[in-house]
Structures are given as C-alpha cells and as structure tokens.
Amino acid sequence: MKATAQIGVTGLAVMGRNLARNFARHGYTVAVHNRTPTRTKALVEEFGHEGDFVAAETAEQFVAALERPRRLMIMVKAGEPTDAVIEEFASLLEPGDVIIDGGNAHFADTRRREKSLRERGIHFVGAGVSGGEEGALHGPSIMPGGSAESYASLGPMFESISAKVDGEPCATHVGTDGAGHFVKMVHNGIEYADMQLIGEAYDLLRQVAGFSPARIAEIFRGWNEGRLGSYLIEITAEVLAHTDAATGLPFVDVVADAAGQKGTGRWTVQTALDLGSPVTAIAQATFARAASSQAELRAAYRGLPGGTTRELTSTEAERFTSQVEYALYASKLIAYDQGWKMILDAADEYGWDIDLGAVAKIWRGGCIIRAAFLDRIRAAYAEDPDLVSLLSDKGFAAEITDAQVPWREVVAIATRRGVPAPPSRRPCPTTTHCAPTASRPRSPRASATTSARTPTGAPTARAASTRCGARRGGPRRRPEVCGPLKAHGS
C-alpha cells in the first residue's frame with residue numbers, strides 16, 4: 001500500500017469517526033482502521049465524499065498507508081485496551097513516528113506510556129479532546145501533551161481542525177508527557193462543579209421562587225447574555241424549555257433524575273488529594289453525582305422533616321433571582337479558580353511548563369466549559385504572570401466582594417428552606433448539600449450527557465499569557481495526604 005495519508009485514526013466509534021471526518025474535511029488524507037473492518041468500510045461508504053480516506057483492514061496496511069513521520073491517532077477505550085493497541089502499532093513503527101492517544105486516559109498512564117515509547121524513539125502524545133461528538137466533527141478544543149518535536153509535526157493539523165475564536169485556534173501544546181491529559185481531567189472536574197452549581201440554581205428558583213421550568217429557561221437565557229454566558233447555561237435553558245411530547249409535561253420533570261459519571265471527576269478529586277489541592281467545589285459535585293445515582297438512598301429520605309415554606313411575592317421572587325445570579329457567578333468563578341490552582345500545583349510537582357493563559361484561550365471554544373469570562377481569565381494572567389489565584393486579580397476580587405451579601409443571603413434562605421445551595425465560604429467555598437432529596441423536583445440532569453456543538457466565542461483583545469511549572473523553581477515535595485495514585489480506566 002502506497003504511503004499517502006498525513007494522519008491515521010484507529011478506533012472508529014463516534015469520536016474517532018468524527019475526528020477522521022474533520023481531518024478529511026480540512027484537506028488531509030486520512031488512513032482509517034478499526035478492529036472490525038465493517039466499521040471502516042461503513043465510514044468510507046457513507047462519508048467518502050467529504051475528503052480522502054484510505055481504508056485499512058489490518059494494522060500492517062494501516063501503518064503502510066502513513067507518510068513519514070507517521071502520525072497515528074488512537075481512539076479506543078482507556079486502560080488495558082489502549083495499552084494493547086499501542087503495543088500492536090509500536091512494533092510496526094520506526095523512530096521519529098508519533099502515536100497520539102485522543103481518549104480520556106489517566107495522566108499517570110500517559111506519563112508511563114510516553115516514557116516507554118520515548119526509550120524506543122517513538123513520540124507519544126496524550127491529547128485531551130473536549131467537545132463531544134459534535135465538537136470532534138465541527139471543531140473541538142484540543143489539549144495535547146508531549147515533546148515539542150511531536151507538536152511541531154502535529155500542531156498545524158490540530159490547530160486546523162480545532163474550534164476557532166476570533167480566528168485563533170483552540171489547540172495548543174500544553175506541556176510534556178501527561179500535561180495534556182491532566183489539563184483535560186481538570187477541565188472535566190470543573191465541568192462537574194459547573195453543572196452541579198447550575199442544577200442547584202435551578203432548584204432554588206423552582207422551589208424558593210416558585211418559578212416554572214419555562215420561566216427559569218427565560219431567566220437562564222437572560223443570564224447567558226451577560227457575565228454568566230456559557231455553553232452549559234445555554235443548553236440548560238434549552239432543556240428547561242423543552243416539553244415532553246408523550247406527556248405534555250416539562251421534559252425536566254420526566255427525565256430520570258440520576259446523573260452518571262465516567263470517572264474523570266473522581267480522578268480529579270483523587271489527584272487533588274495527592275497534590276494537596278483544595279478543589280472543594282469539584283469534590284462536592286462529584287459526591288453529588290454519586291448521591292444522585294443512588295435512588296434507593298434518596299427514596300429513604302422521603303418523609304424526613306423539610307425546611308420552612310412561604311410563597312414569595314413577585315417582588316421578592318425577582319429580588320431572589322438576582323441574588324441567585326450573584327451566587328451562581330461567584331461560585332462558578334471559585335470552581336474555575338480551584339481548577340486553575342490545581343494545574344499550578346501539578347505543574348510544580350511534575351515539572352510541566354504550562355501556559356495558563358493559553359489554557360484559558362483554548363477553552364474559549366469547542367469545549368464543554370467554554371464561558372465568557374475565560375477571556376478575562378486570560379487577560380488576568382497576561383497582566384500578572386505570577387497570579388496565584390484569580391481572586392488576586394482586582395477585577396475578579398471586586399466581583400467576589402460585590403457578591404458577598406447576596407451570596408450569603410441565598411445560602412441562608414436555602415438552608416431555611418432545605419434546598420441545596422451554591423457555596424458561600426471563602427476562600428474554599430463548597431456546595432452545602434451533596435444528597436438531594438428524592439421528593440424535590442428533578443434538576444436538569446439531561447445536560448450531563450449533551451455533547452458540545454459548533455463553538456462560538458466573544459470578541460477579545462489578543463493578550464500574552466504566563467507559564468507555570470519550571471518557572472516556579474521546579475518540583476516541590478508532594479504532601480503525604482494519601483498513597484500514590486493508581487491508574488484507573490474511565
């Protein structure tokens with residue numbers, strides 16, 4: 001087989017298939033391979049008109065189809081399956097070739113694999129890919145970690161297929177070995193916290209203010225036009241506005257009120273304990289998901305004394321809505337700040353040279369947690385390269401100060417009413433409840449499985465950014481909070 005493909009994708013489930021199509025749509029010849037050849041054949045037959053594909057039935061044919069240096073992207077299940085596929089192809093590759101793992105691998109696995117393959121002269125890149133199946137096709141946020149040489153080979157391709165905001169690609173070289181998968185893990189942890197806070201805001205507006213899902217959808221749409229503008233707020237408004245065709249009820253009252261998880265939130269919390277990073281918002285959101293999935297436990301809470309009840313006047317309800325907006329914004333900001341600090345801690349621990357401003361830049365589009373204030377986070381690091389916390393930035397600090405009174409009011413009211421509330425304690429706020437009662441209205445969990453769509457972004461001035469890791473004087477001693485982490489499958 002003649003070597004004509006600039007990149008290859010093996011593992012053609014929905015993410016791998018859509019990434020292969022994205023590469024082809026951007027003018028690259030793509031070799032495609034799957035363990036079951038029927039899936040390879042189906043992709044070419046259905047989407048061959050989108051670009052140039054080279055179908056390979058065997059590993060040998062797949063490798064032979066790739067131009068040197070060979071670039072091979074693996075999109076298979078994390079854990080042992082990934083190890084098996086890596087070994088199968090590594091035995092067919094030559095020094096200078098590149099293997100990319102685009103799945104949700106544990107960063108410790110990525111560090112191990114990178115070291116092993118480096119000793120054989122093969123580059124290994126752990127690339128976090130955010131945006132779900134729609135993002136993979138239309139433009140994801142890509143967080144590759146690996147050698148500078150590997151990014152010199154891959155960078156133009158990743159930047160080409162990634163989301164664009166203000167003409168800038170949402171892809172960048174994050175750092176060496178496992179840095180890319182680490183940053184993607186923290187991204188997912190922040191996503192857990194963000195979604196939990198949005199769910200709590202919904203509960204407060206439903207139970208305390210007495211608003212209907214349709215009215216809350218209107219409120220969320222309004223918030224999405226301001227400082228709370230984000231993909232998750234946007235899709236939550238869509239979910240709340242949807243009516244179930246079969247019953248005529250609000251969809252949120254029909255969908256099962258149980259949220260699952262794939263493991264990256266748990267990894268974030270486990271790793272935070274190992275690093276001594278206080279990611280309290282992410283931790284409580286992870287516990288909330290665990291409680292959400294335990295229907296029998298929540299059913300046992302039925303009949304227990306609840307909070308006080310009093311119908312609010314229309315004026316009181318509108319005032320309370322404004323207070324919830326303050327509380328949600330401040331809580332989200334804290335969750336992002338905790339994630340940023342965890343990246344700093346890991347960069348110091350593992351000697352990674354991570355550009356925090358660049359991370360904010362590539363999260364502005366394509367990814368699930370894209371939000372309007374990421375432009376300001378990027379600018380904050382440009383203004384102060386040694387920023388330890390977002391709360392040290394004058395602008396963000398002023399907003400947290402302004403939010404204090406309404407934030408605390410919301411928590412006080414929620415406590416009296418027995419409703420889970422956004423966090424209020426500083427400097428490490430956390431959710432105040434992690435076990436929702438079985439009898440309360442269902443929160444919009446449907447967004448937990450909603451994939452990202454083609455990204456959009458707000459205009460921003462181009463800003464410089466700062467790096468962490470080696471700049472801070474090398475690795476620090478890891479606190480003995482718990483034993484060494486073991487790699488887990490997702």
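Positions of Cβ are set from backbone N, Cα and C atoms, glycine also.
Among the candidates Asn22, Asn104, the residue that TrEMBL names alongside Gly11, Leu12, Ala13, Val14, Met15, Gly16, Asn34, Arg35, Thr36, Val76, Lys77, Ala78 for the NADP(+) site is Asn104. Cβ contacts within 10 Å of Glu191 (active site, proton donor), excluding its own Cβ and spanning all protein chains shown: 24. Each of the recorded positions Lys77, Lys184 was scored by how many other Cβ atoms lie within 10 Å of its Cβ, and the smallest score goes to Lys77. Within the set Gly11, Leu12, Ala13, Val14, Met15, Gly16, Asn34, Arg35, Thr36, Val76, Lys77, Ala78, Asn104 that the record links to NADP(+), no two Cα atoms are more than 22 Å apart, and one pair reaches that distance. Measuring Cα to Cα from Lys184 (active site, proton acceptor), the binding-site residues that fall within 10 Å are Asn104, out of Gly11, Ala13, Asn104. All protein chains shown were included, and the count of other CB atoms within 10 Å of the CB of Thr36 (NADP(+) binding site) stands at 9.
The local packing around Ala13 (NADP(+) binding site), expressed as other Cβ atoms within 10 Å of its Cβ over all shown chains, amounts to 13.
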